[in-house]
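Taking it in order: structure first as structure tokens, then the write-up.
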Amino acid sequence: MFNKKRFIVTPAVVTGLLVAGTSAFAGDSTMLQSGDFVGYSFWLISMALAASTIFFLMESLRIGGKWATSLTVSALVTFIAAFHYFYMREVWVATGDTPTDFRYIDWLLTVPLLMIEFYLILAAITKVSGGIFWRLLIGTLVMLIPGYMGEAGYLNVTVGFAIGMLGWAYILYEIFFGEASKVAATEAPPAVQKAYTLMKWTVTVGWAIYPIGYFLGYLAGGTDVGTLNIVYNLADVLNKIAFGLFIWYAANEATAAKE
Ligand SMILES: *C/C=C(C)/C=C/C=C(C)/C=C/C1=C(C)CCCC1(C)C
């Protein structure tokens, strides 16, 4: 079947990703060297994120209905991250250092979008209050802004870390015990509950990797930047791609159950 939307959206996205990828590639004479495994991991994750974007967009058009928005947001997360990864790879290859600023800009854009997903998957099945979204957004900002200020030297590193941890704790409280968790437990069909549980644990275990990296890097006397970047890169596969796949699973099951 010819689908006009797909016909337009897909080439547009592919072109955007290609332009970003090649300009990041051509922008510097420094090339990825053979044996640079950290560089390889940046490259691999860039491609996985780019491919996931196309997948989530196509699936959003195929499944559609109330799930279209959640799947589109998953695509936005991987799309934004793919762009950042193209540039982060370049920073790594050129300087051998952690692209901290790019990471934080990426987080500032993608983490709120990941938080919206908790609201959206519940909104796809029942009526929920916007308060869920706002509380999660506030938690995100309290977590990221002091964290950045600590890393960038605008705030004492320990103070930045401590405030950031409070923001994360607030997010965890909301998704484990707050309104969102109650709606999920009482009104969500089994597939959505399963996805909710997986997403909740991703935010607990997968997200823990970033504050651990901060702690090791700034409070425990330093860490190997190469290892740290590989770990962050793998964490993003779980926190951005797998997170989107959990939602995709719920969308598929919930739609199949209705047919
Ligand atoms: C896709 C990117 C994600 C999911 C990034 C998540 C980042 C965090 C969970 C960062 C957390 C931090 C704290 C909990 C304490 C302060 C330092 C941070 C910002 C690294």
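Note that Cβ sites are derived from N, Cα and C of the backbone, with glycine treated the same way.
If you look up TrEMBL, you'll see Lys240 marked as N6-(retinylidene)lysine. Look at Lys240 (N6-(retinylidene)lysine): DSSP puts it in a helix. Listed in sequence order, the residues of the same chain lying 6 or more apart from Lys240 (N6-(retinylidene)lysine) and placing their CB within less than 8 Å of its CB are Leu49, Ser52, Val77, Thr78, Ala81, Thr110, Leu114.
According to TrEMBL, the feature signal peptide maps to 1-26.
Positions annotated as site 'Primary proton acceptor' by TrEMBL: Asp106. In sequence order, Ile80, Ala81, His84 are the residues near Asp106 (site 'Primary proton acceptor'), counting only same-chain partners six or more apart with C-beta under 8 A.
Reduced to three states, the DSSP call for Leu114 (site 'Responsible for spectral tuning') is helix. Residues annotated as site 'Responsible for spectral tuning' in TrEMBL: Leu114.
According to TrEMBL, the feature site 'Primary proton donor' maps to Glu117.
Same-chain residues lying 6 or more positions outside the transmembrane segment (42-61) and placing a CB less than 8 Å from one of its CB atoms are 3, 5-6, 9-10, 13-14, 17, 21, 32, 67-68, 71-72, 74-75, 78-79, 81-82, 85-86, 88-89, 92-93, 229, 233-234, 236-237, 240-241, 244, 248, 251. Annotation source TrEMBL lists transmembrane segment at 42-61 (among others).
As annotated by TrEMBL, transmembrane segment applies to 68-87 (among others).
What TrEMBL records for 107-125 (among others) is transmembrane segment. Sequence-remote contacts of a segment are chain residues at least 6 beyond its ends whose Cβ falls under 8 Å from one of its Cβ atoms, and for the transmembrane segment (107-125) they are 66-67, 69-70, 73-74, 76-77, 80-81, 132-133, 136-137, 139-140, 143-144, 171, 175, 180, 183-184, 187-189, 192, 195-196, 199, 203, 239-240, 243, 247, 250-251, 254.
Residues or ranges marked as transmembrane segment in TrEMBL: 132-149 (among others).
TrEMBL lists 155-177 (among others) with the feature transmembrane segment.
For 198-218 (among others), the entry in TrEMBL reads transmembrane segment.
Annotated transmembrane segment per TrEMBL: 230-251 (among others), in sequence order. Tertiary proximity for the transmembrane segment (230-251) is limited to same-chain residues at least six positions away from its ends with a CB under 8 Å from its CB atoms, namely 37-38, 41-42, 44-45, 48-49, 52, 56, 59, 63, 67, 70-71, 74-75, 77-78, 81, 103, 110, 114, 117, 121, 124, 191-192, 194-196, 198-199, 202, 206-207, 209-210, 213.
Same-chain residues at least 6 positions away in sequence with a Cβ under 8 Å from that of Glu117 (site 'Primary proton donor') are, in sequence order, Ser70, Val73, Ser74, Met199, Phe243, Ile247.
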